[in-house]
Ligand SMILES: NC(=O)C1=CN([C@@H]2O[C@H](COP(=O)(O)OP(=O)(O)OC[C@H]3O[C@@H](n4cnc5c(N)ncnc54)[C@H](O)[C@@H]3O)[C@@H](O)[C@H]2O)C=CC1
Ligand SMILES: O=C(O)CCC(=O)C(=O)O
C-alpha cells in the first residue's frame, strides 16, 4: 500500500534510502504488517514555507524553509533546525524520522521532527541570519510550541539562533521558554546542553569500550567534523585520556605529526580564530578521504550524512565507529562494516545526548527551575548508559548489529504508543 498524494515518481534521496533500509530490517524482525509500517513511517506533518528576506544591500531573496514532524505518538515532536545549501524535503523526512526513533530509544517523552532552511549561512551577515530566522518562525509558529514541536540546533545553527526563535515565538504566544531548547542559559537554557551531544558520544564510547574490556585511555581517535558535536566529543575524549590524532572539517583535515596527539583546547582556539582546523600549527594536512582510512582505534563521523559509503567503508581501519552525525553510514557501507567485524555504535544511540539534555531543559522550563550542571551530566550518563545496555542486550541475545537492535527497540516503543492511542488498532481492524 502506498501513501496517497505523494508523487511516487519523486526520487528518494540517499538518506531516505538509508532510513528505508534500517526501518525495513527492524520492522521485518518485529513482524509488522505493511499497513503498520506505512503508518509508522509516514510523516505526520510536513511544512514548506517561502522565507523572504531583505539583504543588507537592499535586495530581496526568498529562501525555502521546511519543518517535518514525523511523529508525535510519544510526545511533542522534537528535533533540530539546520541551515545548509543541501537542505531539502527528502533530507528533512529522513532526519525527522531518525528523531522519532532516537527519542523512543532513549525513552524521553518526545516524537521526532527536523527543520531547516536551504541557504549558505557563511555568505549571510549576522543581521541577515537574524531576519531569516525570524521570518522562518513567523511562517511556522502555528505548528510549533512547547506541546507541539520544540526545535533545537543542528548544523550551522546555535544558541543565538535559538534565542531569536524564542523571542519571535514568544512575541506571538506570550513568554514561552519551553518552545525551543539549547537556548542561552540567561534565557532559560540548561547548563551542559551546548556540550551534551559531544559529551554523550564520549559517555557511550566509554561504556562500549568498557564492555569490550578496553578504555578510552590511550585510544587513538579520528573525528570528521569539528563543530558543536565533533569538538565537544574531542574535548571529552581528551579529558578522559584518549588521543585525538586527526580531525577534518569542510575545508580539509589535519593529522598530528610525531607521537603527540592534537591538543584540543588549542585546536578549538585555532578554529575560533581562523574558521577551520586547516593550518593548525605543527599538524600535517590530509583530506577527508584520508581521515576515514587512518589506522586508529575509533572513528567518529560528526559532520553530515553519507560520510561512509560503499567505496569508503572498505578502507576504514578503525575497530569502532561512533556515529556522531545522523545517518553518516549508507546501507551498503553498513553491510561492509558489519562483514568486516567493525563495531558501529549507531546515531540513534551515539548522538542522543543532545536530545536527552534538551529534554532536561524542557522540563526545567516547564517547572520554572534551574538544574546544576552536575545533575545534567549525571542524569545524561544514566539515560545513555541505560539505552546502551538495552541495545547491547538485544544485539547479543538475537545476534543483531547494534543498529538493528536500536531500531527494533525504538520502533516497538512507538508502535506500542500508536496502538494504545488507537491508530494501529484501526489498521488491524481493516486487515481483518
Ligand atoms: N548539534 C546537536 O546537538 C546535534 C547534532 N547532530 C548531528 O551532528 C552532525 C554535526 O552537527 P553539529 O556539530 O551541530 O554542526 P556544526 O555546524 O556545529 O558543525 C558541522 C561540522 O561539520 C563540518 N563539515 C560540514 N560539511 C563537511 C564535509 N562535507 N566534510 C567534512 N566536514 C564537514 C563543518 O566544517 C563543521 O566542522 C550533524 O549530522 C547533526 O545532525 C546530532 C545530534 C545532535
Ligand atoms: O536537542 C534536540 O532537540 C534535537 C537534536 C537533534 O537535532 C538531533 O539529535 O539530531
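Note: Cβ is positioned from N, Cα and C throughout, glycine not excepted.
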- Of 358, 382, 390, 401, which does TrEMBL put in the substrate site with 78, 102? 358
- State the Cα to Cα distance, in Å, between residue 102 (substrate binding site) and residue 197 (NAD(+) binding site), rounded to an integer. 13
- Query: For residue 102 (substrate binding site), what is the tally of other C-beta atoms lying within 10 angstroms of its C-beta?
  - Reply: 28
- Message: Cβ within 8 angstroms of the Cβ centroid of 78, 102, 358: which residues besides those meet this for the substrate site?
- Response: 79, 99, 103, 108, 110, 112, 152, 352, 354, 355, 356, 359
- Task: Let me know how many other Cβ atoms fall within 10 Å of the Cβ of residue 114 (active site, proton donor).
- Result: 30
- Item | Neighbouring C-beta atoms (10 Å sphere around the C-beta of residue 228 (NAD(+) binding site)) | 24
